[in-house]
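Visitor: For reference, the structure I am asking about is given below.
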Amino acid sequence: MRHLHHQTSQIKLWAVIPAAGSGSRFSKTELKQYQYIQDATVIEHTVKRLSQLPLTGYVLAIGKQDTFASTLSFQDKHKAHFCNGGVERVHSVLNALNYLSQIAEEDDWVLVHDAARPCVTFECLNTLVKNAIETNQSAILAIPVRDTLKQVNQEQQIDKTVSRELLWQAQTPQIAKIGILKKAIETALKNNLTITDEASALESIGESVQVVMGRSDNIKITYPDDLELARLILQSQN
């Protein structure tokens, strides 16, 4: 944390955690962010990791019917803010940015991080924020694609092998200035563009986004058996 303090004394850093997802690959009664790993929920682990940074505050975009999130023991709970999520992740992020714009400045930095990525390391977080601030440029954590990629046709037959040389797999957090990211998402939605992450919105308005080397253990919990993997990763990191 102290690595950033001298840089962020004048700079405000916020986090947005979209957590209104239905967890479609989990059963309807179970949201992946509220599954337990040891004695805490996935989202509590996630907030704990992000809170290693000198955050001014963080916004959790949660489902309208969600009464559970506010009862959790989040790290630095006095810095927690809640807003309603949206239909898709992108709408949840925009709602959180609209909320933030009432209490933060347009030039403040915001990290957007998946609720179901509890294993991100402090080193990765620190490097990401440091790079963004030093270059004054949006950035994302990502890792180079390691596996051989195949492009297939509708019959599941291989058409060709795709060169992986310049391909990176995007992760979160993704960091940008609040005003720029808000404008990018609003513009993309207005133009009916498919937005899969913050970087895709930023790219669509011509904003430069750099990739910062992440780690393969920054997994996103998507399927029930990912919980056990996340538990093992957290255990080994500690």
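Note: Cβ is positioned from N, Cα and C throughout, glycine not excepted.
On a predicted model such as this, the values are computed, not experimentally measured, just so you know.
Annotations for this protein, taken from Swiss-Prot, read as follows:
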type	residues	note
SITE	R25	site 'Transition state stabilizer'
SITE	K32	site 'Transition state stabilizer'
SITE	R164	site 'Positions MEP for the nucleophilic attack'
SITE	K220	site 'Positions MEP for the nucleophilic attack'
Visitor: Go through K32, R164, the listed recorded sites, and name the one with the sparsest Cβ surroundings, counting other Cβ atoms within 10 Å.
Guide: R164
Visitor: So if I draw a 10 Å sphere around the Cβ of K220 (site 'Positions MEP for the nucleophilic attack'), how many other Cβ atoms end up inside it?
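Guide: Within a 10 Å radius of the Cβ of K220 (site 'Positions MEP for the nucleophilic attack') lie 15 other Cβ atoms.
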Visitor: Roughly how many angstrom lie between the C-alpha atoms of K32 (site 'Transition state stabilizer') and K220 (site 'Positions MEP for the nucleophilic attack')?
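Guide: Just about 10 Å between their Cα atoms.
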Visitor: Give the distance between the Cα atoms of K220 (site 'Positions MEP for the nucleophilic attack') and R164 (site 'Positions MEP for the nucleophilic attack'), rounded to the nearest whole Å.
Guide: 21
